[in-house]
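Engineer: Take a look at the following structure, please.
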Amino acid sequence: MAEQSQLKNLTIILLLLCLSFQSLSFAAESHLTVDFYSKSCPKFLDIIRETITNKQISTPTTAAAALRLFFHDCFPNGCDASVLVSSTAFNTAERDSSINLSLPGDGFDVVIRAKTALELACPNTVSCSDIIAVAVRDLLVTVGGPYYEISLGRRDSRTSKSSLVSDLLPLPSMQISKLIDQFSSRGFSVQEMVALSGAHTIGFSHCKEFTNRVNPNNSTGYNPRFAVALKKACSNSKNDPTISVFNDVMTPNKFDNMYFQNIPKGLGLLESDHGLFSDPRTRPFVELYARDQSRFFNDFAGAMQKLSLHGVLTGRRGEIRRRCDAIN
């Protein structure tokens, strides 16, 4: 009996030790750090920087395209590069969800270019989800935006399904209460939501996203002269759905606080833009960022850091794709 008791105790101890080692291993795999690639791919940041600089110079809309792509990847189910995966005969991927069909190709292209360069320098080492996170940060800096640290060590998802994102991304016509609920469900405050909305200070929107509101004689919040200009710019949009207008008509290629200065003047492009100023829960932050660019930059940087950590995969929960557009 004594021997059986000792054997039982020894078995329990060994089991606990195994569980402890597994927990430690998982914790080590799950840890994100800013210097994650310092030994495995020491030129990681230099390669990213060179790639995005060349792309931004040749195509100035790249920063806005990559920023939108990053949000559409992270916000629904986490920063796992699932939006980069192409559809197959057996699966409709996220990028082919109706809400993602208008994502500009330059955002995808800059990530693919960076991945190609990194695979030559450090094969099977850097995840696509880390590439897009750093590329977006560096692209924003090139157009005047704030610098912020990015923790690294993400893995890429092994799945990408259109059905998993359809109702999880904000729409241009969405009411503020619905927007607040969406952001809140992912742990973002009202102020963080407004700060992230400042991403509209660069980029463009297709006419179909706002033309139903363009009428110089109605009270949709547009400056009348702006409404006339929009109506003219989008006059042929039914025949050419690719026609678009800059989100910030004053400084469209510069990351600044002009977006927030425009909204009170009736120069916000989307219904959700107007809603930020008309709703008492969000208006104080619009006014704050309109008069204080430094505060906007600080809050935007913090919100982007938080977004970059949303739902990340680490260790054995994900993979490092050989190609960003295809699961291994």
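Backbone N, Cα and C atoms are what each Cβ position is placed from, and that goes for glycine too.
As the structure is a computational prediction, the values presented were derived from the model and not from experiment.
Dumping what Swiss-Prot says about this protein:
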type     : residues                       : note
SITE     : Arg68                          : site 'Transition state stabilizer'
BINDING  : Pro170                         : substrate binding site
BINDING  : Thr201, Asp248, Thr251, Asp256 : Ca(2+) 2 binding site
CARBOHYD : Asn217                         : N-linked glycosylation site
CARBOHYD : Asn218                         : N-linked glycosylation site
Engineer: Between C-alpha atoms, which of these recorded positions comes nearest to Pro170 (substrate binding site): Arg68, Thr201, Asp248, Thr251, Asp256?
Structural biologist: Arg68
Engineer: If you count the other Cβ atoms within 10 Å of each Cβ, which of the binding-site residues Asp248, Asp256 comes out on top?
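Structural biologist: Comparing the binding-site residues Asp248, Asp256, the most crowded Cβ belongs to Asp248.
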Engineer: Using Cβ atoms only, which residues of the same chain lie under 8 Å from Thr251 (Ca(2+) 2 binding site) while being at least 6 residues apart in sequence?
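Structural biologist: Non-local contacts for Thr251 (Ca(2+) 2 binding site): Thr201, Met258.
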Engineer: Would you list, in sequence order, the residues of this chain other than Thr201, Asp248, Thr251, Asp256 that have their CB within 8 A of the centroid of the site's CB atoms, where the site is the one recorded for Ca(2+) 2?
Structural biologist: Ile202, Met250, Pro252, Lys254, Phe255, Asn257, Met258, Tyr259
Engineer: Taking the Cα atoms as reference points, how far is Asp256 (Ca(2+) 2 binding site) from Arg68 (site 'Transition state stabilizer') in Å?
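Structural biologist: Approximately 16 Å lies between the Cα of Asp256 (Ca(2+) 2 binding site) and that of Arg68 (site 'Transition state stabilizer').
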Engineer: Return only the integer: C-alpha distance in Å from Arg68 (site 'Transition state stabilizer') to Asp248 (Ca(2+) 2 binding site).
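Structural biologist: Each residue's Cα considered, Arg68 (site 'Transition state stabilizer') and Asp248 (Ca(2+) 2 binding site) end up 15 Å apart.
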Engineer: Pick the one among the binding-site residues Pro170, Thr201 whose Cβ has the fewest other Cβ atoms within 10 Å in this structure.
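Structural biologist: Comparing Cβ neighbour counts within 10 Å for the binding-site residues Pro170, Thr201 gives Pro170.
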